[in-house]
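**Student:** Would you mind keeping the following structure in view while I ask a few things?
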Amino acid sequence: MDSPPFLRMSGVRKRYGGVTALDGADFEAHAGTVHAVLGPNGSGKSTLLKVLTGVVGPDAGQVRLDGAPLRPRGPRDTLAAGISSVYQELSLVEDFTVLDNLVLGVEPSRFGLRDRRAALARSLPWLERFAPAFGGRVPVRERVSDLDPGERQVVEVCKALVRDPRVLVLDEATASLRRGQVEVLFEVVDELRARGVLVLFITHRLAEIYAVCDRATVMRNGTDVATVTVAGTPEAELLELMSGRPSAGTSGSRRTAPVAETDTAPTAPARTDPGADPAAPPRLEVRDLTGDRLHGVSLHVRAGEVLGLGGLQGQGQSELMAALFGAGRRTGGTVLLDGAPVRPRSPKQAVRAGFCYVPGNRGVQGLALGRPILENLALPSVGRRALLGVGLSRRREVAAARAVAERVNTRYGSLDDPVSTLSGGNQQKIVVGKWFPTEPAVVLMDDPAKGIDVGAKAEMFDVVAELAASGAAVLVGSSDDRELVEVCDRVLVMFEGRVVDEVSGDRLTEDTLIASAMHVTGADVAAAHEGHPTRLPDPEPRHAEEGGA
Amino acid sequence: MNLLRGTGTRDLPGPVRSLLSVHMPALAVGLLLLVTVTASAILQPGFFSPYGLSASFATFLPLATIAAAQTIIVLGGGIDLSIGTIVTLSSAVSVVLMQGDDARLPLALAAGLATGAACGLFNGLVVAVLRLQPIVATFATSSVFGGVALLVLPTPGGEVSPVLTGTYRMVLAMYVPIPAVLLVVLFLSWRLLRGSRYGQHLYAVGGNAEAAYTSSVPVSRVRVLSYTLGGAVASLAGVALLADAGAGDPTLGTELTLGSIAALVIGGTRLRGGSGGVGGALVGAVVLSLIQGLVFFAGVPTNAREFVYGCVIIAAIALAGLLTARDGSASGASGGTR
Amino acid sequence: MTTTLTARRLTRDPVVISGVVTLLLWVVASLYSPAFATWGHIVTTLTVASFLGVIAIGQTLVIIAGGEGIDLSVGSAATLSAIVASRFMDGSDDGFLFAVLVALGSACVIGVVNGIGVLLFRVPPLVMTLGMIAVVAGFIRLYTGGRPEGSAAPLLNQLVTGDTVFGVPGVLWLWLALSVVVIWLLRRTSFGWRLYAVGANRTTAHLSGVNPSAVRFSAYVLSSLFAGVGGLLLLGYSQNVYTNLGADYMLNSVAAVVIGGTALIGGVGGYLGTIVGAVLLTVLSALLRTMQIGGGEWGTHRARSSSAWS
């Protein structure tokens with residue numbers, strides 16, 4: 001590491017309106033290394049990389065690559081400089097084949113026509129290298145729209161590699177990958193390192209950093225705090241650098257707040273009464289439910305109980321909620337609400353029956369972002385307050401919305417402001433709060449705390465507790481075991497469309513959940529990958545941090 | 001997050017699904033063509049005679065050419081409601097310069113082509129640089145172009161060069177009318193464009209402009225060029241119209257625009273861009289023209305013809321829509337790219 | 001602080017911008033030809049604008065409902081309604097209400113077919129409603145044999161052109177009343193709020209217990225209904241009908257909506273903007289006609305039928 005750094009960013013500043021995203025950040029990295037960039041939400045790491053890739057122009061500061069100053073004005077310039085980025089939001093054209101996507105923008109041509117053979121020659125080696133990540137096939141001619149999210153992410157990686165980069169930016173590139181796919185990616189990253197490529201690696205999973213990175217730069221509050229050698233730095237120290245406070249070690253108990261969560265607010269103190277009366281009849285009972293990815297799910301939730309759905313991601317948790325809410329396919333089985341069978345065929349009927357649904361992907365499924373807070377809060381219940389089902393009184397609507405906003409503790413300027421002006425956490429509270437006036441009997445939450453900061457997360461779960469306390473049966477799906485441990489009374493572990501384990505009481509810890517999910521899959525994983533060494537203690541694709549600064 | 005997706009073809013293996021989705025529109029329009037040609041051959045006396053073919057292709061070509069022009073624009077994610085008035089304006093310029101004189105033909109054609117390209121360029125700049133909604137922007141420019149066309153040629157008329165009309169009516173080797181040859185030339189030119197890097201970028205910009213941008217495709221340039229190319233091709237349609245009619249007509253505007261959009265939709269091009277092709281639009285235009293002829297020859301009472309024609313077109317469009325609708329198209333979230 | 005904020009918000013409000021542009025155009029027109037500044041001319045301009053304004057009501061709803069929503073068949077619906085009404089009225093007040101109902105009913109059929117095509121067959125709205133133009137034109141031809149008969153009931157004529165106060169014709173009061181109803185519909189009814197929600201994010205609306213298809217279907221039917229009302233007003237104004245009475249309103253209604261700040265992506269805007277847009281377009285075309293330039297699409301009924309495709 002005595003050679004001059006291959007990439008040097010110095011004194012980079014960037015303000016968005018009144019918010020300082022980068023406050024004089026410095027960053028150095030050497031060729032032939034894998035360099036992690038770490039930091040909590042809003043620490044500026046996304047902005048730093050956006051400056052590097054030319055998506056954002058810095059207010060001040062310098063970037064030098066291989067000694068030469070770099071002032072990119074867009075993706076074309078960074079590409080010319082040898083920087084390739086794997087984007088979090090996919091940059092693929094769905095209608096195109098994999099091959100066409102790989103060479104998009106850099107199509108080789110002969111006599112003015114695209115040269116398919118040359119394109120294939122450039123792309124095929126990478127696709128073949130990643131074949132295990134595509135389940136053994138080489139999907140040259142398949143359309144991207146026919147691939148699953150993990151495979152698309154792999155195509156995205158190949159696309160960056162086809163550009164033969166000197167610097168490869170992997171921004172949360174592993175977020176939607178399956179375990180086997182991550183392994184192939186890390187093998188390739190090792191090869192790239194050996195060939196002298198600088199790989200910048202952004203992830204939330206510490207385990208991955210230890211698995212593949214040489215050095216790590218920790219960012220906090222828009223500036224770089226420290227750059228360390230990964231091998232010589234224990235996990236506790238990295239966490240300490242990120243949070244800026246001494247760490248107390250990891251713990252899995254529901255009542256003890258885990259370390260990363262101690263950032264701002266205390267976590268969910270509301271749940272003093274753990275669960276409801278075990279003798280009470282179930283509020284919601286599901287028997288042998290089948291449908292998309294559901295192969296006979298049975299469960300029951302009592303009034304006031306918070307039931308978690310854990311396990312690896314994509315084992316039918318989302319499909320279960322969708323099926324219950326009338327938004328997904330349901331081919332068989334019985335659903336009983338307070339003992340009476342219900343079979344909603346649309347969300348509208350489900351809402352009428354007493355269900356409500358809180359998605360994690362709020363921009364797409366939870367909110368009409370351009371509309372006022374008032375309308376978003378009113379949407380599910382607006383018909384109930386209307387005169388003859390039609391006429392609205394503004395005063396009544398405002399009063400109802402105010403009451404909800406207060407209950408979920410949302411801070412807003414005016415109810416007439418678009419809901420997009422709120423912070424992510426407050427937006428998510430609107431997504432939950434809009435259901436209060438419907439007085440739901442069953443609350444379905446699919447990854448409700450996705451991409452919101454720890455403080456807002458804690459408040460979110462206060463709201464969940466309040467809903468449960470009001471007598472609702474709450475079903476929470478989450479890819480974050482820590483969340484489940486904190487908020488649930490019981491957790492069901494799902495695998496391939498079935499419930500395979502139930503964890504509750506003192507057994508309910510993060511370790512048990514991971515073990516349970518792993519235990520189920522251990523044999524299958526081994527069979528699928530023919531004894532590939534398991535390198536990562538965390539088998540599960542965690543959701544990505546949304547947005548960043 | 002595929003909560004709302006239909007299931008349809010999901011269970012099929014990937015390559016099969018890809019094949020199906022790519023070829024479905026082609027199958028649909030191919031079927032329509034087969035049906036309409038068969039029906040024409042039965043109902044229309046002398047449909048396959050040299051004269052019949054020549055007359056048919058003479059009516060196909062103008063609409064097919066405009067449809068091709070519109071398709072280029074739509075593929076890139078735009079739409080041009082002024083395309084009909086570009087046709088009339090460029091043909092008005094041509095016919096006024098021509099003055100029925102063969103010697104002035106090259107000049108007149110060049111001027112028409114330049115007019116069309118200039119109008120298209122103007123549209124492209126308005127849409128891509130000023131970022132106005134294509135529907136609104138090109139509607140506004142259509143009244144400008146239409147107004148100018150009326151200034152250039154206030155009433156239908158003008159004299160077309162005899163060489164032009166003569167050539168247009170020629171039939172080669174007994175069965176190959178010149179307009180058919182031109183149709184093939186049009187298609188081959190499109191294949192060349194499609195095979196170029198620009199062709200690929202056009203689809204990428206229409207399919208996912210953001211992805212194209214991050215992949216270093218010059219999005220604005222691609223858009224502007226698509227409108228310019230569209231305008232230039234539209235002016236060729238103007239020439240075909242002149243050759244077919246023997247005179248200019250400054251009032252056709254809107255109808256041609258509507259026809260071009262109907263043809264490309266029947267031909268399987270997605271109105272949001274990024275999927276489809278000129279080949280389908282050409283066939284779509286032929287189908288449209290054939291249906292019009294069929295309604296005439298099928299003995300439909302005069303007053304009912306338009307109605308029947310309209311209904312058949314709606315049915316054709318609905319059929320094309322049903323066959324080309326892929327999962328996700330109806331359930332997508334709000335907004336989209338634009 | 002708050003005043004500057006309000007001021008900044010106002011200068012960005014498309015309705016305000018369009019309003020200012022309209023006033024500027026009017027001032028320019030008055031300078032060019034002082035007749036523009038007379039009360040009579042203002043009333044005439046507003047009267048001409050009222051037909052566009054009423055026909056654009058439905059266009060506003062459909063565009064707000066999103067999903068590439070647009071209704072190019074409003075002109076056809078207006079024409080059909082006028083032609084049906086004139087035949088049933090045939091210059092007499094007998095059965096006035098019945099004639100109006102039949103006319104509006106026939107217009108609604110267009111909306112129903114549009115809704116079915118868009119929602120069931122998934123035809124893009126632009127294409128579906130474009131295709132409907134041909135169908136309706138064909139139907140009108142079949143229905144009238146190319147020569148529409150009958151004329152407006154005197155009562156209708158009186159309602160539309162009848163002088164109330166200061167030379168203000170009845171149609172302007174009708175427009176005002178309809179405007180109040182539509183603005184109420186959008187701002188103070190559950191339908192209005194759901195319409196915006198569906199337009200802004202269909203998935204969210206669906207998952208909040210709204211039936212987006214029902215909302216969009218209603219928008220298409222209402223669009224044809226209001227276009228039908230516009231057709232009746234046109235009939236009352238001109239007393240006689242012709243087969244492309246409403247043709248000019250097809251794209252001008254879209255333009256009026258968009259000029260008024262209702263975005264084609266849906267979920268944004270309102271009818272107040274459309275009113276301003278309709279007036280702006282009318283002043284602009286009057287000015288252009290006075291200056292004898294353009295004479296493009298708007299205001300000059302073209303001689304040719306706009307029904308054929310090629």
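Glycine too: its Cβ is placed from the backbone N, Cα and C atoms.
Predicted, not measured: the structure shown is a model, and the values here were computed from it.
TrEMBL feature annotations, pasted as is:
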TRANSMEM  B:20-42  transmembrane segment
TRANSMEM  B:48-69  transmembrane segment
TRANSMEM  B:81-99  transmembrane segment
TRANSMEM  B:105-128  transmembrane segment
TRANSMEM  B:135-153  transmembrane segment
TRANSMEM  B:173-193  transmembrane segment
TRANSMEM  B:224-243  transmembrane segment
TRANSMEM  B:278-300  transmembrane segment
TRANSMEM  B:307-325  transmembrane segment
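Looking at the shown structure, can you explain where the listed features end up?
**Tutor:** Counting same-chain residues at least six beyond the ends of the transmembrane segment (B:48-69), those with a Cβ under 8 angstroms from any Cβ of the stretch are 41, 80, 83-84, 87, 168-169, 171, 174-175, 177, 179-180, 182-183, 186, 190, 229-234, 236-237, 240-241, 244, 256-257, 259-260, 263-264, 267, 278, 281-282, 284-286, 288-290, 293.
Away from its own ends, the transmembrane segment (B:81-99) comes close to residues 62, 66, 69-70, 73, 105, 107-109, 111-113, 115-116, 119-120, 123, 135, 138-139, 141-146, 148-149, 152-153, 158-161, 164, 230-231, 234-235, 237-239, 241-242, 247-258, 260 of its chain (Cβ-Cβ under 8 Å, at least six residues beyond either end).
Sequence-distant neighbours of the transmembrane segment (B:173-193) (same chain, 6+ residues past either end, Cβ-Cβ under 8 Å): 50, 53-54, 57-58, 60-61, 64-65, 68, 72, 167, 199, 229, 236, 240, 277-279, 282.
Here the transmembrane segment (B:278-300) has long-range neighbours at 25-26, 29-30, 32-33, 36-37, 39-40, 43-45, 56, 59-60, 63-64, 66-68, 70-72, 183, 186-187, 190, 194, 259-260, 262-269, 308-309, 312-313, 316, meaning same-chain residues at least 6 beyond its ends whose C-beta is under 8 angstroms from one of its own.
Using a Cβ-Cβ cut-off under 8 Å and counting only residues 6 or more beyond its ends in the same chain, the transmembrane segment (B:307-325) has close neighbours at 24-25, 27-29, 32, 262, 265-268, 270, 287-288, 291-292, 295, 300.
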**Student:** Take the transmembrane segment (B:224-243) and find every residue of the same chain, 6 or more past its ends, with a Cβ under 8 Å from one of its Cβ atoms.
**Tutor:** 61-63, 65-66, 68-70, 72-73, 75-76, 78, 80, 83, 86-91, 94-95, 98, 109, 112-113, 115-121, 123-125, 127-129, 160, 164-165, 167-168, 179, 182, 186, 193, 198, 202, 205, 249, 252, 256
